[in-house]
Amino acid sequence: MSFVLAIDQGTTSSRAIVFRSDISIAAVAQQEFPQHFPASGWVEHEPEDIWTSTVMTCRDALDKAGIKAKDIAAIGITNQRETTVVWDRATGQAVHRAIVWQDRRTADICAKLKADGYEPDVSAKTGLIIDPYFSGTKVAWILDHVPGARERAERGELLFGTVDCYLLWRLTGGRVHATDATNASRTLLFNIHTGQWDDTLLKLLRVPRSMLPEVKDSSAEFGTTTPDLFGGPIKVSGIAGDQQAATIGQACFTPGMMKSTYGTGCFALLNTGATPVKSNNKLLTTIAYQLGGVRTYALEGSIFVAGSAVQWLRDGLGIIKHAAETGPLADKSDSMQSVYLVPAFVGLGAPYWNPRVRGALFGLTRNTGPAELAHATLESVCYQTYDLWAAMRADWPDASAATIVLRVDGGMTASDWTMQRLADLLDAPVDRPMIQETTALGAAYLAGLNAGVYPEPEKFADNWRLEHRFKPAMSAATRQRKLAGWARAVKGVLASDEGE
């Protein structure tokens, strides 16, 4: 039997999952690593922590599965997107900590670019908006703030990569500097229509072309690992950013299929097929995957705070000890209270895109307690998803509640309470799959497709299995009342921004 090893390098932990040829899971390993918050709105990782935790989990997963490197047909990599690493081409030493996708330090840079009128052209080429979320301004910040970095970059001494690219470079012993189209499409430097790095964008952000990796299909020959890492060489043949990998793992290969992943943040992608759809509602146009040189596009909405809001309940407020307690606690809340949490801890993502605002609670009374806060926290994720859902339906002419199929994954989907409330607020069914490791499965599929372990997308889609369908059960009047309250809460938060 052939096995495929998936590396799932996330925001708070690195994971490795061994899949069998029938897509069942043979072993899982996970290791958390430290987060660094050197200033308000700043989030960093040590690249060496990312690398070490990745290698350790891969070795652990192989041991748990009882297999050797020779049993692995291929490795697939999926990663936290946009997180930016710049390192020395000769030594592999990072010149600065990785700047994480959540980091907002470049808000002023982005504001100036917008004020100077660059956003329409940038958006037309990249499908993105000018925002600190994306890699381009993070690279520029590193080059401008690390002594000597810009000069070294101009001399061709430094390399840039998203996390997949950095891991691939390390896995191959510095022999391969490459990424895939999905990760490239998140940098603010890549033209999603031509499939090339864009010289105008590079000039705008003053990023030398020599720093950039080669861009390949999501399923391709990316090189082989050095034999010393895992006891023998293993080829790497699949790469995709985490949200695109989840889209593939959910078998959303048909236009109109939508997946929503609930981890630290929440990310929804709607497959729009071979044609990029320009959003009129501040959604992103991105590459869902690229196979055989053919790009498939998606509309994407990004929510910065989802699971991390539950972490706030646990670590910040101390009202729960474990995330699993949140749903049962929320179920005990006072139905007469209408408490809303707008979790803009690092600003608001789609469809508002405001990095300056911060979170707020609305509707507090003397009787508001832990149950109401838990209720508001879980509901905030559902409300934010509704905002994305509504924007996608408005942007895509073929969309309707009847035509969009929503498949969910990620840690928060284990909460039946949250998924039922999501179906209620969307007034649409929500499908939870049997295999929850959809992000890793997507990476494994891309690698296994190239290695001949897995079939073409249409046949792979036949293996998708439903675990539970949540059907809407809320009255229209209640739904509208709740959504109106959420809209007022968001309006209140946006009004607090001095820049508005």
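Note that Cβ sites are derived from N, Cα and C of the backbone, with glycine treated the same way.
Around Thr11 (ADP binding site), the same-chain residues at least 6 positions away in sequence with a Cβ under 8 Å from its Cβ are Gln80, Thr83, Val100, Trp101, Gln102, Gly263, Thr264. Residues or ranges marked as ADP binding site in Swiss-Prot: Thr11, Arg15, Thr264, Gly307, Gly411.
Under DSSP, Glu82 (sn-glycerol 3-phosphate binding site) is assigned to coil, being neither helix nor strand in the three-state scheme. Summarising the environment of Glu82 (sn-glycerol 3-phosphate binding site), the number of other Cβ atoms within 10 Å of its Cβ, over all protein chains shown, is 26. For Thr11, Arg81, Glu82, Tyr133, Asp242, the entry in Swiss-Prot reads sn-glycerol 3-phosphate binding site.
Per Swiss-Prot, the feature ATP binding site maps to Thr11, Thr12, Ser13, Thr264, Gly307, Gln311, Gly411; the stated evidence is sequence analysis. Cβ environment of Thr12 (ATP binding site): Glu32, Phe33, Gln35, Thr264 lie under 8 Å away, each six or more residues apart in the same chain.
The 10 Å shell around the Cβ of Arg81 (sn-glycerol 3-phosphate binding site) contains 27 further Cβ atoms across the protein chains shown. Per Swiss-Prot, the feature glycerol binding site maps to Arg81, Glu82, Tyr133, Asp242, Gln243.
Neighbouring residues of the recorded glycerol site, listed in sequence order and excluding Arg81, Glu82, Tyr133, Asp242, Gln243, comprise Gln80, Thr83, Trp101, Arg186, Gly241, Phe267, Ser302 (Cβ within 8 Å of the Cβ centroid). Sequence-distant neighbours of Ser13 (ATP binding site): residues of the same chain at least 6 apart with a C-beta under 8 Å from its C-beta are Gln30, Gln31, Glu32, Phe33, Ser53. According to DSSP, Gly307 (ADP binding site) sits within a helical segment. Taken over all pairs of the listed ATP-binding residues (Thr11, Thr12, Ser13, Thr264, Gly307, Gln311, Gly411), the Cα spread reaches a maximum of 14 Å, rounded to the nearest whole number.
When the neighbouring Cβ atoms lying within 10 Å are counted for each of the binding-site residues (Thr264, Gln311), the highest count belongs to Thr264.
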